[in-house]
Amino acid sequence: MEKQEDFKLNTHSAVYYHWRVWELTGLMRPPGVSSLLYVVYSITVNLVVTVLFPLSLLARLLFTTNMAGLCENLTITITDIVANLKFANVYMVRKQLHEIRSLLRLMDARARLVGDPEEISALRKEVNIAQGTFRTFASIFVFGTTLSCVRVVVRPDRELLYPAWFGVDWMHSTRNYVLINIYQLFGLIVQAIQNCASDSYPPAFLCLLTGHMRALELRVRRIGCRTEKSNKGQTYEAWREEVYQELIECIRDLARVHRLREIIQRVLSVPCMAQFVCSAAVQCTVAMHFLYVADDHDHTAMIISIVFFSAVTLEVFVICYFGDRMRTQSEALCDAFYDCNWIEQLPKFKRELLFTLARTQRPSLIYAGNYIALSLETFEQVMRFTYSVFTLLLRAK
């Protein structure tokens, strides 16, 4: 039964939900679907929603005259535009996404061949964490969408789901009002699905990288550990040669891990940098909004500002947290090469081990924009910067 479970190991299932979203929103053509029909479907969906939805928000922003309204609309517009840029980036890196899937198949096959229960458990744990992250983001987006709908329903006067400009009179035309709200609801649902995948696939890929590093760490620590099987019918020299071959296989596994990290770096560099820029801009805008509406005692607007501030802060924290986990695991992987039983081994074993240690001394990190490390230290610096800006704005007021 355990062997059957090992055979079913598929770490790419960590991004199963994301892949389905990308297929649904026109980025990845599902198998068996006509290429022409899918292109038409993709262009239609993305033209109607991905392009038109943020343009309507941007147009409304240009017609805003008061500072409080400008800050509120700017917060929503920045968030939506950056979310669409992250979504577009998925299309740009789709070749790398397919390469990751192929590489994961090789690494999964290796884990199944080794067949260690602890390795399999570590990989499945990271898959579950990645899928749980997607479900958490999905719950947040469902709650936000529902809250927007309830807000429109309970308001005594007419109001749109989001402040947008459509060039028609919807205040005095019931037909226009209903049609615009139907479009906004459809666009909001599609955008929420897109954003859910865009916000949760960086931590999902970081979980995959962490899981395979953990599996390799366990594999390396077992190198040179003599078992009852190795003690029976095997000479000491034959055992040492076998251990050397185990090291060579682990070095090949390490090369695959490094290759996976390089591809993930290319995939995550742009969206993570966009998220940092978006968070900084939204946090500063929310601070301005909070300061201006506080005098008007507009508690609803204050709550919305706090929600947006919390949301963008959470998005940065998540990628920094999982990036920090990956760095810690890379350090543990380096330590594993020190902890293996290298003392009894052949000279060529020790030579290969020294070369490998030289390559693993530097901890692995993913960099946003190839510059900003995804770590908890970075998150702390972002929070300090935000507090400094807020204090400066408060004094200026």
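Yeah, the Cβs are placed from backbone N, Cα and C, and that goes for glycine too.
Here the structure is a predicted model, which means the values were calculated and not measured.
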Can Glu242 and Arg325 be said to be on one side of the membrane, going by the domain names in Swiss-Prot?
yes
The transmembrane segment (273-293) in contact with the transmembrane segment (73-92), cutoff 8 A, at least 3 CB pairs, sep 6+:
yes
Taking 39-59, 73-92, 177-197, 302-322, 364-383 as candidates, which has the most Cβ pairs under 8 Å with the transmembrane segment (132-150)?
177-197
Taking a Cβ cut-off under 8 Å, which residues six or more beyond the ends of the topological domain 'Cytoplasmic' (1-38) line up next to it in the same chain?
45-46, 87, 90-91, 94, 97, 100-101, 104-105, 107-108, 111-112, 115, 117, 120, 123-124, 126-127, 130-131, 134-135, 138, 190, 193-194, 196-197, 200-201, 204-205, 207-208, 211-212
Three-state composition of the topological domain 'Cytoplasmic' (323-363), taking helix and strand from DSSP:
31 helix, 0 strand, 10 coil
